[in-house]
Amino acid sequence: MAKAKFERNKPHCNIGTIGHVDHGKTSLTAAITKILAETGGATFTAYDQIDKAPEEKARGITISTAHVEYETSNRHYAHVDCPGHADYVKNMITGAAQMDGAILVVSAADGPMPQTREHILLARQVGVPALVVFMNKCDMVDDPELLDLVELEVRELLSSYDFPGDDIPIVRGSALCALEDKQPEIGRDAILKLMAEVDAYIPQPERPKDKPFLMPIEDVFSISGRGTVVTGRVERGVVKVGEEVEIVGIKNTVKTTCTGVEMFRKLLDQGEAGDNIGALLRGTKREDVERGQVLAAPGSITPHTDFEAEAYILNKEEGGRHTPFFTNYRPQFYFRTTDVTGVVALPEGTEMVMPGDNVKMIVTLIAPIAMDQGLRFAIREGGRTVGAGVVAKIIK
């Protein structure tokens with residue numbers, strides 16, 4: 001039988017493996033590529049190739065991440081796997097590898113461990129929409145009651161972090177058996193069952209173009225006789241000529257109308273996600289708009305000053321701070337295109353934050369910024385990046 005051609009006409013989804021060290025995340029990643037390669041949906045990538053993941057820089061932070069791609073009959077997947085725990089923390093917080101869903105790997109022999117908990121919490125804080133669980137190393141457990149116990153424990157843990165623990169699919173298997181062609185019911189078959197659950201349970205992400213319009217403003221020009229033009233790259237959605245838009249953030253929200261869209265000096269009927277455009281705004285004065293504000297579909301986003309964040313603080317080797325910081329630390333928070341000063345309050349029980357730590361914190365900005373949950377930011381001191389974070393919850 002000829003192999004099916006690798007086509008890009010299927011819906012695309014970004015996923016990753018998360019879970020405690022040595023529970024088998026990388027083995028599972030290798031096993032998925034091996035089993036799907038049988039039907040031409042992947043190229044087998046061995047454990048060693050995934051494990052020596054190259055280092056990448058995202059927002060000035062060094063992260064090691066392995067990327068593999070594969071497809072099922074329903075979808076095309078880009079899958080990320082990180083060698084070390086710190087890489088996961090950085091990856092999830094910076095959004096370097098955006099995850100539409102994740103496979104939580106738990107060893108049946110050990111049950112949930114500290115990093116299992118931490119990765120679930122991070123997934124919740126950074127807004128990973130859905131998880132599927134792979135209970136790995138089932139070949140090492142003889143007692144089926146023990147497997148039931150571990151499953152119960154995992155479900156309770158998921159529920160305690162506001163994931164639907166009762167509904168999340170948990171697939172039992174062994175990545176090693178799949179890689180070594182042993183015990184197909186927990187090897188090959190379990191991998192196929194896992195991928196069927198991922199296909200069915202992880203929702204298809206909305207394409208950026210289908211979301212409400214938003215464009216971070218990078219520059220503002222005044223064109224005599226025409227009005228004010230704002231430029232930027234459309235982050236999501238579509239803006240059509242003649243539509244009403246809002247200017248949000250820093251100052252009071254103002255409504256205006258987009259009377260023209262220009263790209264590469266050509267006039268267009270609309271600008272959409274990914275386009276670098278200039279938008280002509282009716283009746284808006286040059287001094288009423290500034291970099292750092294956003295142009296958005298009316299009512300789709302609101303400005304806020306107070307939020308709870310999950311942040312990673314760079315260590316000395318990454319070019320970060322050399323000393324810890326405490327409550328009332330006042331750095332700049334860089335959102336999209338601009339820096340805003342903010343004050344940090346640390347949670348009770350956290351006295352200080354050391355370089356290299358990840359931390360939950362409450363931030364109060366001196367000016368409101370257009371934000372929603374999941375927005376990424378950099379923490380800077382005089383233009384130098386000292387951390388990265390994500391808005392976990394808006395307070396006001």
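Backbone N, Cα and C define each Cβ position, glycine as well.
These numbers come from a predicted model, not from an experiment.
If you check Swiss-Prot, you get these features:
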type	residues	note
DOMAIN	10-206	domain 'tr-type G'
REGION	19-26	region 'G1'
BINDING	19-26, 81-85, 136-139	GTP binding site
BINDING	T26	Mg(2+) binding site
REGION	60-64	region 'G2'
REGION	81-84	region 'G3'
REGION	136-139	region 'G4'
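Known features from Swiss-Prot, placed on the structure.
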residue	record	Cβ within 10 Å
G19	GTP binding site	26
D22	GTP binding site	13
K25	GTP binding site	26
T26	Mg(2+) binding site	24
C82	GTP binding site	25
H85	GTP binding site	15
C138	GTP binding site	26
Secondary structure at K25 (GTP binding site), reduced by DSSP to three states: helix
Average model confidence [pLDDT] within the region 'G2' (60-64): 81
Separation of alpha carbons, the residue listed as 'Mg(2+) binding site' and H85 (GTP binding site) (Å): 12
The residue listed as 'Mg(2+) binding site' and G19 (GTP binding site), Cα-Cα, nearest whole angstrom: 10
Secondary structure content, the region 'G2' (60-64) (per DSSP, counts of residues): 0 helix, 4 strand, 1 coil
C-alpha spacing of the residue listed as 'Mg(2+) binding site' relative to C82 (GTP binding site), in angstrom: 8
Counts by DSSP class (helix H/G/I, strand E/B, coil) across the region 'G4' (136-139): 2 helix, 1 strand, 1 coil
Cα separation, C138 (GTP binding site) to T26 (Mg(2+) binding site) (Å, whole number): 16
The region 'G3' (81-84): DSSP-derived helix, strand, coil residue counts: 0 helix, 1 strand, 3 coil
